[in-house]
Amino acid sequence: MAKAPTTKNVGRISQVIGAVVDVSFDGSLPAILNALETTNNGNRLVLEVAQHLGEGTVRTIAMDATDGLTRGQEVTDTGSQIRVPVGPQTLGRILNVIGEPIDERGPVNATQTSPIHAEAPLFVDQSTDASILVTGIKVIDLLAPYAKGGKIGLFGGAGVGKTVLIQELINNIAKGHGGTSVFAGVGERTREGNDLYHEFLDAGVIAKDADGNPTPEGSKVALVFGQMNEPPGARARVALSGLTIAEYFRDVEGQDVLFFVDNIFRFTQAGSEVSALLGRIPSAVGYQPTLSTDMGALQERITSTNKGSITSVQAIYVPADDLTDPAPATSFAHLDATTNLNRAISELGIYPAVDPLDSTSRMLEPRIVGQEHYETARAVQETLQKYKSLQDIIAILGMDELSEEDKLTVQRARKIQRFLSQPFHVAEVFTGIAGKFVAIEDTVKSFKAVVEGEYDHLPEAAFYMVGGIDEVVEKAKKLAAEAA
């Protein structure tokens, strides 16, 4: 652990430009990434050194609002990076970017702290095991299965269901998961963070003591928030704070950790806000020139080692639904599986609005998932692709002009499309339909039967918003009885 200097290195604020603060020192300059401390309106304010400007001045990024700072105000060099509490005491707590509790439940009595910037694990320490993480969501498990210890990206524009999907994954995986979970809320809505916290309390993921108060003992999740209303410094670093907590559970306790990030785009966005203030020349579409470096520094630390694993699920906002935008495009290279949410599918009322032809996974290989699963997934995609290519003909000439074979393909594809929808546990309060968890074996068996035409006699409506194929048969009987 880095020791603080015996005599404190004190500087003074020379200028404040929004979230960026310049500090002048008479003696030695603090190192890049060092944390400096001052007070603002009676609160502790942390500044992170980003640049040495020369003439005894450093340029820093503020981790909180800078309103109220004045020139000449004293700033102290802590002699080390921003450090956050790590370990079991963080479980069941909500922390901010600098590791302070924001749940009004007193201090985090952690015995250890860790710096938020760290090197990625060495290649020799990384694990290469390939196994599937079952989510219970049909479209994901069948067509783009997730890797245990892998990186998963949920791509989607505004309002197509990224946060609901990430909450369902937390519900299906984290609640039944033996290890620990860490949730990093990066630049998203405070309301969603609040809802998530109460959901965790209700589900028992955050434990309560005899008086009904939340307690770290028995809790399985740590929450780290830097929400939309926070300055860019906090949003640019909060993902690293969350990751540092997850790394402790992986490296020291040897656990399999789930790391949820909502939203990685806000991490990039905060970096671009700060970048211009730091005097860097913007690159494509106004993003920071260090976009790939920033993303790489974060993503390379999220990995599985011989000690334990971190499986990360990251929501990634796609500006204007354009996947070629530099922010989502830079994320693609780091991911093992991508789940693309499509507005056109959500407009059909099919939820989750996952695009079955655009979502990919390196796990969809016969040697990992088995021959039957692989062939079923490819047959489903082939049927949907044929339907997609016939849509123009249908739009211009109508269904009657198609050959009998093509008509059958279209009917099956429409059933598959509806069968890929699924009621979610977290959406139960809005839809009134009970959520469903479908085992991967049932998913493969059901879709194989549909593709092979075993259920051609059932109506399309029976396939919508159900779990397994047994429910389809049940729903078809109900519909027939209602129509009679």
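Glycine is no exception: its Cβ is also placed from the backbone N, Cα and C atoms.
According to Swiss-Prot, the features are:
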type	residues	note
BINDING	Gly156, Gly157, Ala158, Gly159, Val160, Gly161, Lys162, Thr163	ATP binding site
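Around Gly161 (ATP binding site), a 10 Å sphere centred on its CB holds 22 further CB atoms from the protein chains shown. Summary of the ATP site environment: with the site residues Gly156, Gly157, Ala158, Gly159, Val160, Gly161, Lys162, Thr163 set aside, the chain residues having Cβ atoms within 8 Å of the Cβ mean position are Tyr317, Leu341, Ser346. Across the binding-site residues listed here (Gly156, Gly157, Gly159), the residue whose Cβ sits among the most other Cβ atoms within 10 Å is Gly156. Val160 (ATP binding site) has a Cβ environment of 25 other Cβ atoms inside 10 Å.
Sorting the binding-site residues Ala158, Lys162, Thr163 by the number of other Cβ atoms within 10 Å puts Lys162 first.
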